[in-house]
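Only one structure is covered here, and it is reproduced in the block below.
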Amino acid sequence: MLNKLRAFAHHEKIRLVLAYLAGASTALAFAPYGLWPIYLIATVFALHQSSGLSPRAGLTYWLSFGFGCFSVGISWIHVSMSTYGGIPLIASMALMALLALYLALYPALTGYLLQKISPTTSIMRNIILFPALWTLTEWLRGWVLTGFPWLWAGYSQTEGPIKVLASVIGALGLSFVLALIAGVFALCLQKRWRPAVIIFPLLGLATYLSPMLSSVEPDGETVKVAMVQGNIPQSMKWEPETLWPTMSKYMDLSRPLLDADIIIWPEAAIPAPEYMVSEFLDNASKVANLNNSAIITGIISHQQDNFYNSLIVLGNHNSEHQSQADYIGDGSNEFKKHHLLPIGEFVPMESLLRPLAPLFNLPMSSFSRGAYQQPNLNALGHQIAPAICYEIAFPEQLRANVNEGTELLLTVSNDAWFGSSNGPLQHMEIAQMRSIELGRPLVRATNNGVTAVVDELGNITHQLPQFETGVLVADIPLVKGQTSFSKWGQSPILILSAMLLGLAILRQRWLLKK
């Protein structure tokens, strides 16, 4: 009976279906489910089942695995296209499937090279080549065509026991470790125990020691932050007649909490160019100054015929007690979003695409790009490193904007585009990982959730319910020092992966010559 089941599982079409199901199951490892062992189990299964396949069969096997992972894991993307992009549901699902198929090319590349270089189960294949290929192709996915690093394997471990390693090796490094563990377990299925006896104690020791490589410690200060969740319906947000009611709502929600040091409004909380609402901004800045506070808000800034998705600081920039507010609307103490969202914030080949469908002509889809590295925002003398919406998913960009003086990480977003799907919750999970990597508390202010505070260890300490109007107030303990990831970033794990890949290729060539 067991032999019949094995033969059934190795039938080509059944094998591809099982690969798809294994990939689809990985969605449960990410938010909101957080069943972190599932990603590991699915990867062990796929690695074991693909052993002995030809390079071509390895490509199709891992393509099916990847398509399962992304067609389920990012299925929420169709919500914005069908609800706000003017595209019929069937068409939006088809476009989402095409995106999932593109993203599946990266694990497919891993599968092809894995079987080309080392086709059968071995130490070289499982614990040297596979982790290297998996890491390098995940990095490529986060870079090619502006990058889409969503659902990196490492994010599945945000609630797992190895998450502390991210302070040394980052989320991409966790992807490497996860692939390594999967490779060891796949060897165990072949009753090859020695690698497990060596590697698992070493990983346990590394996990235990990794916090000791960080110099992050409390500095004894706290900052009181209030994050306003306006809960403005996306269908109303960009309507001209709702501009003043929207701004008034944010001001009214903030007024009882002006004793906070810093008040934060989310991405594009003011849905208009800065010059159109200068009177409102001046008045809000004066109110903040009179109450010894600062307001950070999302807005559209305009400079030299370019529009930017920006954050500006109203009220007091440099200290708590000032005779007058610092905001003058000249572009100083402003952060301009660098990593723009394709289609949503810029349209490639726009002369061709814009006429095709409302999806390619969304409000504010013609932004210019800010600089990659920008000064921290300064609010009451506190140094804050921001990331607007999608760019929180790019660890190296945020790392480039964090220095030893940075006290807080800030990310603002408007996830109303994605309704009650898993997208906003996965977005929150990614933000948690940035806190672990960089060793700084993070505040996340959004239009309709998830608005939350994360400590420097990646734990959510305060949170508002989604889809409710409210204000989240928190006294946040500040820290000082640096993590290893802050200093070195992704370079060490990428260099290691490239070296291991090179070693595997050289070994394969040596075996062929032998």
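Please read every residue number as a count from 1 along the shown chain.
Cβ coordinates come from backbone N, Cα and C, glycine included.
Feature annotations, reproduced from TrEMBL:
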TRANSMEM  20-47  transmembrane segment
TRANSMEM  59-79  transmembrane segment
TRANSMEM  85-106  transmembrane segment
TRANSMEM  127-152  transmembrane segment
TRANSMEM  164-189  transmembrane segment
DOMAIN    228-478  domain 'CN hydrolase'
TRANSMEM  488-506  transmembrane segment
For the transmembrane segment (20-47), give me same-chain residues lying six or more residues beyond its boundaries with a C-beta closer than 8 angstroms to one of its C-beta atoms, as numbers and ranges. 61-62, 64-73, 107, 126, 130, 151, 153, 155-160, 178-179, 181-183, 185-186, 189, 422, 425-426, 428-429
Check the transmembrane segment (488-506) against each of 85-106, 127-152, 164-189 and return whichever range has the most CB pairs under 8 Å. 127-152
In the same chain, who gets a Cβ under 8 Å from the transmembrane segment (85-106) while lying at least 6 residues past its ends? 62-67, 69-71, 74-75, 77-78, 137-138, 140-141, 148, 357-359, 362
If you average pLDDT over the domain 'CN hydrolase' (228-478), what do you get? 91
